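Data block below; observations after.
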Amino acid sequence: MRPPRCLFPAAEILLKAPPSRRCMSSAAAFQPPKIVAAIPWKGSSFFLSNRLFDRSTCLDFVVLRRANGIRSTSASASTTHDSTLSSSPTANHSTSAHKDHKIAPHRKRQAQRREKAAAEAAAAAARGEKPLPPDASSLLAAHAASQTSPLRRHLSACLSLAKPRLTMLVVLTAMATYALYPVPEMLSPSTTETPSLSPLTLLFLTIGTTFCSASANALNMLYEPSTDAKMTRTRNRPLVRNLISKRAAVLFAILSGFVGTGALYFGVNPTVSGLGFANIVIYAGMYTPLKAVTAFNTWIGAVVGGIPPLMGWAAAAGETATKDGSWRELLFASDGSSIGGWVMAGLLFAWQFPHFMALSWPIREEYKKAGLRMLAWTNPARNGRVALRYSFVFIPLCLSLCAAGVTEWSFAVTSFPINAWLIRESVRFWRYEGNKGSARGLFWASVWHLPGVMILALLHKKGMWTRVWRSVFGEDEGEWEEEELDEMMSVAVANTNSHMQNQKTVR
């Protein structure tokens, strides 16, 4: 016969809890334990009523879990065991309910999305298809397909046309080069509040570069929807799935091009606007068609990757131009101040090869099936050699940044480990011909290499920490006067030399 159900399990189980072990003498160890009467705790009435926990049953879950571990030593062990077994289903139910209650709503949604993605992948595998890659364009295209509102569907499709991740990379390279431009002494904290260039120019540079990149990417998708449909990496693009019409895509590309070049022309300078327009033309008009003609298309695409650093450099140089501010002065300055921009462009040009060679290797058969000529399948041995060759270029390029006065010489030391890492992965990629995980290793090394080099260059920018020190602690007036006199003397000597050369030319 089972005992009657306990109305207040919390109080009863707490009284049944075994006493804690204490260090005691051998004599005290043999003394019988004292029996504590089942009376309410006196001290608890100072704060709240003894029956408050029992009425609210807030501790029943915790106490019942402890009850499963209690082993009674009294004569009524069987009775306690039966009562524990009778309460265990309730405890298990409470435990599962409590766990479900503890899961945050966003965690539940993430779990549901993972289950849905796994189900879709299993269904695609059952049909003999490969699951779609979870890149930004695929996710945006899937989001656009699920929208019921035509406006939201078109906005998501247009965002997918812009290739957000690639556009973000292009914009960041332009912004980093803009920030790396050496700030002249006339923009030092002695005359301005912060040792930086115009933030408004940076804003227009960011907006213009974003729209120019979006225009080029949209035109790229417009040109090759048939080849995109043959590749797992690109078959989920909006034009392949007919999520947006070609007319709307053309309109988006044209408007983005006009907005981007216009923002660069009126907000920055005409030279940067021309570079943005050249980026669109080379990427959409040369690189995209040549992908089906020759493997040399990779070099054309690398030129496109080197243009954004030139845009950032020309944008910064236009603010300190002393002459007419033409493209010759900004890109081919007679004093050699434009060398840093070309070195940064060369760095981005060289980075394209180890990155793309590693990226194209796992999907070389898909490129071949789509009719796109890439070195990964046309000449696999040369594919590894090209990646290795251009990975060695980064060491002299980093040294050139130091020699050009863009960064301190300490940058050559701090950038060496990350350059050595890229070289090591390129050697493995060339030696194993993309096998044994070498392609994946080189890909991730290239992914982390570019932001690492950029961040190190910004940290070692020439004179940056000196200007920060002066802006915080100030500088001596005599020191500033000496620097100003030295600068005036150097300018006077340069003007005198140029005047003498002009007179010799006239004679």
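One-based numbering along the chain as shown.
Glycine is treated like the rest: Cβ placed from N, Cα and C.
Looking at the stretches 10-30, 199-219, the one that Swiss-Prot records under the feature transmembrane segment is 199-219. Across 166-186, 199-219, 392-412, the stretch most heavily in contact with the transmembrane segment (441-461), judged by Cβ pairs under 8 Å, is 392-412. Counted as Cβ pairs under 8 Å, contacts with the transmembrane segment (392-412) are highest for 166-186 among 166-186, 199-219, 298-318. Sequence-distant residue pairs (6 or more apart) of the transmembrane segment (166-186) and the transmembrane segment (298-318) include at least 3 whose Cβ atoms are under 8 Å, placing the two stretches in contact.
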